[in-house]
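As given in TrEMBL:
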type     : residues                                                   : note
REGION   : 60-118                                                     : region 'Disordered'
DOMAIN   : 127-362                                                    : domain 'Sulfotransferase'
BINDING  : 136, 137, 138, 139, 140, 217, 225, 342, 343, 344, 345, 346 : 3'-phosphoadenylyl sulfate binding site
ACT_SITE : 136                                                        : active site, for sulfotransferase activity
Ligand SMILES: Nc1ncnc2c1ncn2[C@@H]1O[C@H](COP(=O)(O)OS(=O)(=O)O)[C@@H](OP(=O)(O)O)[C@H]1O
């Protein structure tokens, strides 16, 4: 499943057959008539292959109910951010994979339950809370920490419903969710929602009571982390510096590059505030999630109206990884850190490049502190 590096797009998985499929079907239809059975089998196989391998396929529901189209709402305001320049490699990056335990057991499997019993009790509900961003902010860590809480049931994979898969309909989206009992909260995380101009309106359309969590991180470090991810998939991309500035380091900062654009938090938040009041948001510091995970989890649990169950007893600092890890993740009794793609070393970026980006972000950061009433200390 590809990711867009933060830019939103309408789901493309449910449209008509693409050129590849048309060519394939054409070839099959020209086959000799004496092979009707083989032809039918191939046609069916081709149909299922193309239908199920689209950008929404990683989050397939256990059964496919007839999904009514999602309700239409007024067009978004014209000033909303436009999709920026994407690196080819970024567009082909795989999703943030669910952590292994989540894949094996419960709620990581779309529609699954953590315990065998959970598969037959409770009901699938729309998420009452979403982690909407930001990409490379620490969203996977937050979700895995939250899943330890017995009153949180979360989808492990990123469903990308409100950016790429919206045309699958709200019933499809709900069918992905794990079953919950009364009093439990359903959650999912898709970091690209924060920079998708249609996402706030669509989420508001699902429920205007949705609680929204945004994990934010120093935008300069975030951009380097984003670049590191792209570089890991495609080592031949240009240097960070060449991508960050329009004409080498002497030029203007290139805000069309998604790695830069995502970090202009104030601008993206402005779009969300057209639909949700500030009281619906919790801004989690990506830095404090690493330096004081229990403290930040206390704030998150309070915001979600949960008992403070996840505390410092749940974490240990793994010296080798250099990050806090869980003593007992959901569905496991063994300690576990996040996977290799989380907390990886960044390439060295020259100080003058970092400095110029810091200066670029400063006014946007100050605006963001003002809007949220929180100083994240990035300057
Ligand atoms: N406990 C723990 N373990 C490992 N990594 C941690 C942790 N807490 C936060 N982080 C930081 O999370 C960064 C990845 O962010 P995301 O999970 O939001 O990335 S993604 O958008 O879903 O790809 C990742 O970024 P990089 O350091 O650049 O790899 C980490 O810095």
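Every residue, even glycine, has its Cβ placed from backbone N, Cα and C.
Features per TrEMBL, on structure.
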residue : record                                  : Cβ neighbours (10 Å)
136     : 3'-phosphoadenylyl sulfate binding site : 26
138     : 3'-phosphoadenylyl sulfate binding site : 29
140     : 3'-phosphoadenylyl sulfate binding site : 24
225     : 3'-phosphoadenylyl sulfate binding site : 21
343     : 3'-phosphoadenylyl sulfate binding site : 18
345     : 3'-phosphoadenylyl sulfate binding site : 7
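Across the residues of the domain 'Sulfotransferase' (127-362), the predicted structure has a mean pLDDT of 97. Across the residues annotated as binding 3'-phosphoadenylyl sulfate (136, 137, 138, 139, 140, 217, 225, 342, 343, 344, 345, 346), the two Cα atoms farthest apart lie 18 Å from each other.
In the three-state DSSP classification, residue 140 (3'-phosphoadenylyl sulfate binding site) falls within a helix.
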